[in-house]
Amino acid sequence: MPLTPSQLRDIAVDFAVLNGLVLATEKSASLQRPISHAPFALNPSNIPKNCFEAAVKLQPLFNTLVHKVSEDAGFLKEPRFVDYFTGRCYEIYTQTQKEGSTQPIILGHHRSDYLLHKNDSDSHVEIQQVELNTMLRRLPVFRQRPLTCTGTSLSSPPYFQYMKILTLFGRFLRSRNGESTDQLPKNNSLTALVAGFAKAWELYGNKDAVIVMVTQPGERNSFDQRWIENTLWQEYGISLIRKSLTELADEGRLVGDKRKLVLNGNIEVAITYYRAGYTPLDYPTEKEWQARLLVERSHAIKSPNVAYHLVGSKKVQQILAQPNMLERFVSPANAVHLRTCFTGLFPLDQSPAGISAYEEALKNPSRYVVKPQREGGGNNIYTTDIPAFLSKLSATERNAYILMELIKPPPARNLLVRNGEILDAEVVSELGIYGIWISGEGGVVYKNEVAGHLLRTKVADSNEGGVAAGFAVLDSPLLV
């Protein structure tokens with residue numbers, strides 16, 4: 001007998017809490033803070049199989065592209081990082097470039113996000129890239145285990161284990177209803193992420209060194225971070241500790257000619273993994289910037305290093321979309337493949353192209369979104385809000401923004417569960433594909449892999465898609 005939506009909701013919420021798929025409902029360092037299940041879609045969302053497979057095939061190419069761009073110091077001068085935040089990151093980059101690095105091992109965790117795009121002229125559906133993230137921020141493990149009662153798993157690096165358990169739960173429910181489970185793709189996010197850390201830690205060469213996860217004070221998403229910590233210890237015997245940028249500034253020192261990063265005088269750091277540091281709010285004082293510079297100068301392996309961080313900026317994404325630019329870094333054949341997912345990206349600077357884009361945005365704002373360099377949700381300016389926003393900016397201030405053509409995903413319906421309540425809504429879904437890159441001295445590549453997926457679903461009239469920011473829910477793809 002099929003379950004009603006309310007019955008499914010009750011089972012799913014209990015399952016989420018039982019297995020640790022939870023978020024703190026308040027940002028606080030106190031252990032007394034209340035928690036709730038992470039928001040989720042009650043049913044998996046349909047994703048065309050060919051679109052999903054295309055996104056997966058593109059990820060190793062994007063991993064390679066990020067690395068190649070990060071090594072081109074001449075190219076990184078071109079974007080003109082004029083906003084304060086990315087400007088400070090670029091200052092750290094130039095300072096460490098002059099000093100030279102003592103660590104040849106590069107570790108990258110990336111996620112390329114896509115929306116389905118339906119052409120106005122026909123029914124053809126394709127993927128178009130929303131952004132390429134080189135600093136994995138929130139909800140990675142939740143995303144490995146999307147919480148859809150029909151077999152969803154959250155597919156984001158930190159939500160890896162969530163995704164695995166939710167997938168098993170979904171397979172059980174679909175089997176119970178006589179439905180096939182073959183359309184629910186496996187998600188190896190947590191396994192791949194942890195294996196990547198273990199390989200980089202091994203290459204560092206000190207069995208007593210630790211991994212530091214850089215977190216925000218009072219982190220709401222600490223539960224998903226614990227999956228990584230626990231799995232690293234259980235599977236590999238590797239210790240992971242969590243520190244804020246402020247704590248790193250207070251406790252960290254560089255030791256010896258190699259500038260090894262040591263905490264409290266005796267804890268050597270092999271890897272720093274940033275789950276904070278992607279927004280200006282993470283740097284309330286100069287002390288946090290000092291911590292970022294300290295880590296960047298150190299012998300520790302960084303995920304990401306500051307060059308990778310800059311490559312993930314919207315301005316770099318816009319420049320890479322220009323004609324013939326990709327060929328500077330990848331083969332012509334791979335450039336063709338990468339461009340298949342690009343949408344229209346334009347500067348808003350004082351170049352002829354920038355002036356033309358500015359005028360077009362004022363004339364036809366419903367076709368566009370304006371994007372700044374900042375991450376974390378809630379920063380984009382959409383459609384009818386664009387003219388008033390751009391009119392307030394000076395010509396110089398517009399340099400910090402880009403213009404992107406609005407992607408038009410085909411809407412669908414789903415049941416979204418947040419705080420135990422069910423919302424029946426028209427929704428759109430954003431697919432993220434994770435990738436891992438590890439390389440070393442002499443150009444040797446140890447890993448260039450796909451590392452699972454993430455699906456976030458939001459109400460169709462909601463512009464932002466950050467789960468932790470409250471705009472979206474975790475979901476699982478059903479390949480059709």
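Numbers run from 1 along the shown chain.
A Cβ is built for glycine as well, from the same backbone N, Cα and C atoms used for every other residue.
Taken verbatim from TrEMBL:
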BINDING   Asn188, Glu375  Mg(2+) binding site
DOMAIN    209-311  domain 'Glutathione synthase substrate-binding'
BINDING   Gln225, Arg456  substrate binding site
BINDING   Lys314, 371-380, Tyr382, 404-407, Glu430, Lys458, Glu464  ATP binding site
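Here the candidates are the binding-site residues Gln373, Met404, Ile407. The one whose C-alpha lies nearest to that of Arg456 (substrate binding site) is Ile407. Note: the CA-CA distance between Met404 (ATP binding site) and Asn188 (Mg(2+) binding site) rounds to 32 Å. Cα separation, Gln225 (substrate binding site) to Asn379 (ATP binding site), rounded: 25 Å. Asn188 (Mg(2+) binding site) is 31 Å away from Asn379 (ATP binding site) when you measure Cα to Cα.
For Asn379 (ATP binding site), the count of additional Cβ atoms within 10 Å of its Cβ stands at 15 [all protein chains shown]. If you take the Cα of Lys314 (ATP binding site) and the Cα of Asn188 (Mg(2+) binding site), they are about 28 angstrom apart, rounded to a whole number. Under DSSP, Gln373 (ATP binding site) is assigned to coil, being neither helix nor strand in the three-state scheme.
Residue counts for the domain 'Glutathione synthase substrate-binding' (209-311) under DSSP, helix first, then strand, then coil, are 43 helix, 28 strand, 32 coil.
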